[in-house]
Amino acid sequence: MSTAAASASATAANLEQRRMPFWKRNQRRLAPALFLAPGALMFLVYVILPIFESIWISFYQWDGLSEMTWIGLSNYTELLGDPAFYTSLWNNVLWLVLYLLAIPAGLMIAIFLNQNVIGIRVYKSLFFFPFVISQVVVGLIFSWFYAPNIGLFPQITDALGLGKIAVLADARFVTYGIIAAGLWPQIAYCMILYLTGLNNVSPEQVEAGRLDNAKGWRMLWYVILPQLRPATFIAMVVTVIGALRSFDLVSIMTDGGPYGTSRVLSFYMYEQALSEYGYRMGYGAAIAVVLFLIMMLFITGFIWRMVITEREG
Amino acid sequence: MFPRPIERAGTGGRALYQVALPVSLIIWLLPLIGIAITSIRPASDLANGNYFGVPSQIALSNYLDVFRQSPMAQYLFNSLRITVPAVIGAVALSCLTGFALATYRFRTNLLVFFIFVAGNFVPFQILMVPVRDLTLKLGLYDTVTGLVLFHVAFQTGFCTLFMRNFIKALPFELLESARVEGVSEFRIFWHIVLPLMRPAIAALSVLVFTFVWNDYFWALVLTQGAGAQPVTAGLYTLNGQWVASWQLVSAGAIVAALPPVAMFFLMQRHFIAGLTLGATKG
């Protein structure tokens, strides 16, 4: 009897379901697709597909207007013999390595500011300030700072007995000068990440550390830094991406000069593809692909770690 | 608390800290202070070599000159016309995508999520040629709309990461019980989840406002003249024109920086909450 009743009710439920309109029956299954569609479509058209298009364009010779000519790997072999490419690549390495200094520097400032005195909130905001303004403005600020005669920096080097150094006009210093300008907002960013992290450090562990006589560096290294790991991870991600994305400052401060010595890959690509030097879209795309591959090395690492945390939590 | 609270230090240590704070801040902001002073220095001071002394008078006229001698007002207006729709678009789209990725289980969920995350990290240059080409074909080159569409699409990546993680942390039982009651998926989104997302929407809006306002690269690639160019690209042009007029360049730079700075100080809490997402867990 019970089976008969159960099957009867099952049929009833089935009938009930059939009578429900298509939408009501399937909305749980269709809803995610519908919610995703607009955003995913935009992202696909403007971000995902262009990546593959660029890779494809890099095998062509193309001025952006006339017919595209397939030239296979020629753009890449040309890159291998292009001294400007190596200059840009080397500068990118410099950017990457020196930019990472933003992480310890940001941590130092965060530790310095992590106090409860009157007005400290204002100090924190003002220290963070450089991150809010655009890189174009940062570039102009530092162009003034370095400007011969009128700027502050040559005065400082002069007072130190080094003579008036015109940083942006000197091939030896120009990239370091631009990186210093880039570090300014980047340190601010890392600082705010660490301030938030320090805010959440467990007081019990710090007290326990103090009881164990951990002080200063030892405390920082063994007790504090392990708890700041999430902040360090994000600081690492944004700093590496920021270093490889550097374009604005180079464009504003030197336009790649003097004599192309301050170019980075992102800037060189733009110069080749879209500036008065000619519209070499294919060659530009090949430079972009190289930059993309370098970036992918890091992105894959970052995503890998994020997937692991995602699976765990 | 780390480091040890300064109140527990001796009088000397406390006094030292109180002195070190303003001194370090001045050093930190030295270039900015310099340019702020230059922006109110009369041109005659610069001509006479008074670069670092006290300005002979406060020449607010530099700011007026910036507006009189250049299309600065138009640039600012363009920035606004680009930034506001881009913020609304990206935040709206990511409310939807974030909701989908946070509340439904389907096979490609994590894959789609990480495509959004990864796309967000790629160098702009790999997108440049195709996006410019697409914009040209749509007839949107050198228009505000062309820039808005790109910014909406690109920022959706970051915003989806943010929204999805935010919704994931919301109490899920609420949603489940609504489903049991037979509330439709769209009503759940609209009446239950969206109201809870208000802090995330605020945080993202301020952040994306700053990102889009400060964009320079795409302005160079997708626009040409003062008709559609935002203030960042405009400043680059003006910098070329005002070669020796540092008082004008400085004033222009400060004008261009003000809107995001105002946004930051007004919405500081949201801004930092957005920026430091994940800095404490994960």
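The backbone N, Cα and C atoms fix where each Cβ goes, glycine too.
TrEMBL: automatically predicted annotations, no manual curation.
As recorded in TrEMBL:
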type	residues	note
DOMAIN	B:76-267	domain 'ABC transmembrane type-1'
TRANSMEM	B:20-40	transmembrane segment
TRANSMEM	B:82-103	transmembrane segment
TRANSMEM	B:110-128	transmembrane segment
TRANSMEM	B:148-167	transmembrane segment
TRANSMEM	B:188-213	transmembrane segment
TRANSMEM	B:244-266	transmembrane segment
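Long-range neighbours of the transmembrane segment (B:110-128) within the same chain, counting only residues 6 or more positions beyond its ends whose Cβ lies under 8 Å from a Cβ of the stretch, are 97, 101, 154, 156-158, 160-161, 164, 217-218, 221. Nonlocal intrachain contacts for the transmembrane segment (B:148-167), taken as residues 6+ away from its ends with a CB within less than 8 angstroms of a stretch CB, comprise 82, 85-86, 89-91, 93-95, 97-99, 101-103, 113, 116-117, 119-120, 131, 135, 140, 193, 197, 200, 203-204, 208, 211-212, 215, 218, 222, 274, 277-278. For the transmembrane segment (B:82-103), the residues of the chain that approach it from at least six positions outside its boundaries are 109, 112-113, 116, 144, 147-148, 151-152, 155-156, 159-160, 162-168, 170, 172, 175, 189, 193-194, 197, 201, 204-205, 208-209, 212-213, 230, judged by C-beta separation under 8 angstroms. Through the fold, the transmembrane segment (B:188-213) approaches residues 79, 82-83, 86-87, 90-91, 94-96, 99, 103, 151, 155, 158-159, 162-163, 166-167, 170, 174-175, 178-179, 230-232, 259-260, 263-264, 267, 270-271, 273-275, 277 of its own chain, all at least 6 residues removed from its boundaries and within a Cβ separation under 8 Å.
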